[in-house]
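Undergrad: Pasting a structure here, questions to come.
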Ligand code: GLN
C-alpha cells in the first residue's frame, strides 16, 4: 500500500467496553480503501507514548475501576499526550477516555478520578442514574448525523476552546441539559458513543484518516482518498 499510518491504542487492554476496539477495525477498513496500511500498537501501563511516532491515537471507554487505574498511570504520559493533542494530532476518545482527557471525573462512588487537563471539560456524577440508550446527534459544521449508543453515569460540561461533536437530536448527550454531545478540540474528537462510533459513522472515520494522511504526507495528492464514498452500514 502506498501510505502507512501508526495508531496508538491507549490502554487498549484495559479500556474497551462495548467493542470500542471496533473503531480500530473501522479505521483499518476505510484506510485500506484509501491505499493506507494501519499499524496498531497498544500503549498501556508503564509504557511510553511517543507523540512523534503516532499519526492517530484511540482511547476507549471503561468502567470506573479501570479508569482509576489508568488515571494514575496516565499522569506520566500527560505531557506527551497534551503535546500531541495541542499540535493537532488526530485522536478519538470515547466515554471513559473522553473523561480522562479533561480535568477530572467524579466516579459513581464519589471518588475523584484525575484527568490530564489536556482539554478543559470536567465530568460530575449523577445520583443513581445512568444515561443509557440510542442516541442521534447532528454535527452543525458538516450537517452529518451520527448514530450511536450511550451508557454513562458521568455528566460532562465543555470548557473553553471546545465545541460539541454534535447537537442532540434524541438521547442524552454530555449532561442531559445543554443538548451537546461529545467534544472537538483541534483534531481530537470525543464522544460518549459506543456502538462503536466509527463502525456506524464512517464519515467521521474518513475525516480522521484524511487529517492523519494530510499531516504525514503534506505533499501527496489525496484526491482519491477525499473522494471515497462512505455508504451507511446501519
Ligand atoms: N465509567 C464512566 C461512566 O460511567 C464511563 C463509562 C463508559 O466508558 N462506558 O460515566
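A Cβ is built for glycine as well, from the same backbone N, Cα and C atoms used for every other residue.
Not my notes, these are from TrEMBL:
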type     : residues : note
ACT_SITE : 95       : active site, nucleophile
ACT_SITE : 194      : active site
BINDING  : 130      : substrate binding site
DOMAIN   : 7-201    : domain 'CobB/CobQ-like glutamine amidotransferase'
Undergrad: Can you check which residues sit near residue 130 (substrate binding site), meaning Cβ under 8 Å from its Cβ, same chain, 6 or more apart in sequence, and list them in order?
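TA: In sequence order, the residues whose Cβ lies under 8 Å from that of residue 130 (substrate binding site) (at least 6 apart) are 151, 152, 153.
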Undergrad: Please report how many Å separate the Cα atom of the residue listed as 'active site' from that of residue 95 (active site, nucleophile), as a whole number.
TA: 8
Undergrad: Among the active-site residues listed here, 95, 194, whose Cβ has the fewest other Cβ atoms inside 10 Å?
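TA: Minimum Cβ neighbour count within 10 Å, taken over the active-site residues 95, 194, occurs at 194.
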